[in-house]
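Quick notes on the structure that follows.
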Amino acid sequence: MTSALRVLVCGDHPNLILYTSRFQHAKNIEFYLVNNSKNANYEVSSLFYGTERFQIQNHFQSLLDLVDLNNENGGLVFDLIIMSASSLQEIPQVLRDIKPMMNKTTKILFESSGFIYLEPFIKASVDLSLSNIFSIFTDYDIRRLDNGSYKQFTTANAKSFSVSIGQTTSVHENSYSSDIIPILNTFQKLFQKLFPRDVVTLYDHSPSAFLAKEWELALPQICFDPLLIILEEKNPSTLDDHVLAKPLISGLLGESLLIIKKMGIAMNNPNFQNEQTILKHWKNKCEDLPDGPALLYNFIHKASSLNIDLLLLQPILLADDFGVKTPYLECLFTMMTQYQLLNKGDSEWFIRKDENTALTRVDDLQNSIALKDGKIMQLQNSESTLKNEIKELQSQVLSLKQEVSSSKANNGQELEILKKKVQMGDNSLFDRPNSNTNGISPSDNIVDVDLNYERSDQGNNSSGNDSRRQSFFNSTSDTTLSRDETSLKERELEVRMKELELQERELELQRKALQQQQQYQQRPPKQVYSGPSGTPTSGNNNNKSYNPNRKSSYSQPQHVAMMTSRGLHGPSAASSSPVISANNFVDPVSSGTPYSSNSSRFSQQIPSQQYMHTVKPTSRKNRSSVMPNIGYVPGLTNNEYGRKFNGNGMNGTQSRLNSLSNQSTFRSQQGPPITQQKSFQNNGGSMRTNRIPSANYNISNQQSGFVNSISSPNLSNLENRNTVQNSRNADSAPCVNQLNSDSPPQLQSLSQNGTSKVPQINITQPSPIQTNFATSDNPAAVIKLGTPSEDTVSAAATANNISTMGDESRKEDVKEKKKKKFSFFGKRKK
C-alpha cells in the first residue's frame, strides 16, 4: 500500500483555488492550504465542472502557522508544492519558510499565468535543483467575487480550456533533459485526472514552445490591460480611440516584441504577428466579458492582487539581460505601482473615486443616524424614568419632612414631660433628707446629739450611689433640645430606674424599721448585770465582793435633785409610748425601752429597786456638775436601752442633741473602718475622763467587735490612781477609746467574727468626733464623740451602776480620796 501524496497549495492567486477544488476529488492525497482567507469554506463555479463547495481541513491563514505546527509535530514533508507570489521579493521569503518541509524529491509548481520565465529567478532565490522547479499556467479566467467565493469568467461558446506544465531552463534548448520528461509526464497524468474535460499539455516537451505560450498569455496583459486603468477606460474596444493610447500601445508592443525576438522565441500564432493582429485578438477576447479583463476587474473591485512586479518588472529585467531598452515598460511600471498604492488607499495626495463610495457613505450616515436615534430614544426613556424617580423622591422627601416635623413636636412634648419628671425627681430627692425620720419634731431644737440613720443595704456603695446620683443630676440638668429621640428615651429610662431604686430603698427602710419595732416588742425581761469576766469578785485577787444592795452615800432627795439638774443632758423616760418615725422606726432613746440581753453572763436579776446609784457625790456637797457625760452605745446585737436616774426619766423636750437629727440611727456597716474627726468645741472646760480599760473577756465567749482605749495627757495621775474597771454587755464587742499624747485619737478595729455586728459608742466630749467603721460582711459601726445622745444616756445609766460596784469595793479608800470623783466624770482639778 502506497503512502498518500502530500500536497501543499500556498498563495492568494485565484487559480490556486481552482486547483484546490479539483484536488478534492483525488484519492489518497493529504492536502494543505495556506492563504489569507479567514474562512476554510470555499465555493468555485466553472463552466465545465459547475459549482463546487468544499471545506479544507488543513487550512492556515499564514505560512508561519504551518511552520509552527511543523516545529511542534515535526516530520512534515511535502511531495508537491503549488505556489504563487504577489511580488518578486515574496518568492525567496516563501521558499525559505517552506524549505524545512521539503526534501530532494519535492517538486515545485509555480503559478505563471500571465508571467514569463520565473524558474531561473526561483532557482536563484534558494539553493534548489532546477530539475525540481516547474511552471503551470492555464487559460482559465478565475476571479474572486467575495471571501470564499470564486467564479470563472468566459464566453458561452468556449469549447475547452488548457492547463500547461513545463520548464524554461534554457531559451535555446528545444527539448528537456531525460530526467525532466518523466516528471512532466507524471504531472500530466495527475492533472488530466483532476481536469478530465480540459486539455493538459506539455507542448511536446519543448521548452521554447512552452515559453512562447507564456508570452501569448502575458503580452496583452502587459501592453493593454494597464492602459485601461491609466486612461480610465472600461471598454477594451475603444482603447485605441484615445489619442494618448496609440503611442503607448505602439511603444509597449514594440519593446515586448523586441524582447521576444532577443530571446529567440518564434511566435507561430497568427494572432500575435504584429500590433494590429494582437490588438484585434485582444478586443475579440474581451468583447464578451462583462467586466473587462482580469487586471481591470481586480483594480476596480479590489478582489485580488494586481501582481505588478511579476507582470511588468520581470520583462524589464529580461530586457536588461538581453540588452534591450524599455522606457515605455519602465514608465508603465512606475505609474502602475503608484496606482496600486492609490487603489489600496495608501496614497497621501490622491484618493480613488468610487461609485459605491457615495452610496456607502449614505448608508454609513443612515446607520449612524439610526444609532443616534436609538440612543436618543434610550436617553428619553431614561429621562422619563429619572423624572418619575425624582417625583417619587420628592414625595418621599415631603413625607419625611412631615414625619420630622411631627417627630420634633412629639420629641418636644416628651422633652418637656421628661424635664418636669426630672425636676420633680430632683425636688423629691433634695426634699427627702429634710424629712423627719426619727420621730422627733423639728421644734425640739435638738443640737447636741448625733443620730446617724442610714440604710443597712447601702454599705460601701453609698458614696458611689451619691456620686452616681450627683452625676445623674448634672447630666439631667444639662439636657438640651438638640438631643435626639434616642437620647431622650435613654434619659427617661435612667430617670425611671432612679425612681425605682429610690422606691426600693424606701421599702427596704420600712421593712428594716418594722423588723426593729418587732425586735423591741419581743425583748425579754430585765436581767441583773453581773459584770464582765474581768470584774473583781470575792474569788479574784481577794477583792471585796460587790453588794448590789449597797446603801447610797447620799440621800434620795439629793439624788433626785441632782438628776433633775442633770436632766438637761439626757432624754426623758417618762413617755409611756415609744416615738415612731416616719419610716416606722422606734427611737430607743426617746422611747425609754429597757435594756435586755440574752447573754448567759447576766445570771442575776436586778433587785426590785428600779435604779442604781449612778454617781458617787464628791466633797463639793451636792453641787450639780456641768461636765459632759460619757455614755456607752451598744451595738445592734445588744439592743438599745435608755438611761434612767432615780426613777425619773429625762424629759425629751429638755434633751440636747447634736449633729444629724434626721439621719437614721443605724448605719450600714460595710467596708473598712473610716475615722472621722471633728474639732472639739469647748462647752465649759477641757474634757477629763477616766481611763476605761478593756475587760478580761474569755476569747471563747467574745464576739467580734472593736477594742478602743481613751487616754489623755491630763489624766496621767488619774490613770495611776483610778483602778476602777467598768464592764459592758458581754454580747457586744468591747470598745475602749484611748487618747494618745503623741497623736490624735485613732480607732483600731479587730475583726474577729464576720457575722457579728459592731456596737456604737458615744463618748461625751465638748465637741463631737465621728468615726465610722466598716467591714465586708458587717454594717459599719459608728463612734461619735460629742454631746450624749439618747442612746448614750441609756448606756451611761448602766455604766454608772457598774462604777458604783467599784466604789463599794473600795470603801476603805474613800476618806483618803474623798476629793476624787468616780464614774464617767473625770477628776476635776481646782
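Heads up, the Cβ atoms here are built off N, Cα and C, so glycines get one too.
Of SER178, SER399, SER711, SER732, the one with phosphoserine in Swiss-Prot is SER732, while the others lack that note in the record, though it may still apply to them.
When the ranges 335-356, 379-400, 577-598, 621-642 are checked against Swiss-Prot, the one recorded as coiled coil is 379-400. Feature annotation from Swiss-Prot across SER533, SER659, SER664, SER741 places phosphoserine at SER659. Between SER441, SER712, SER767, the residue that has phosphoserine written against it in Swiss-Prot is SER767. Note on the coiled coil (481-514): mean pLDDT across this stretch is 85.
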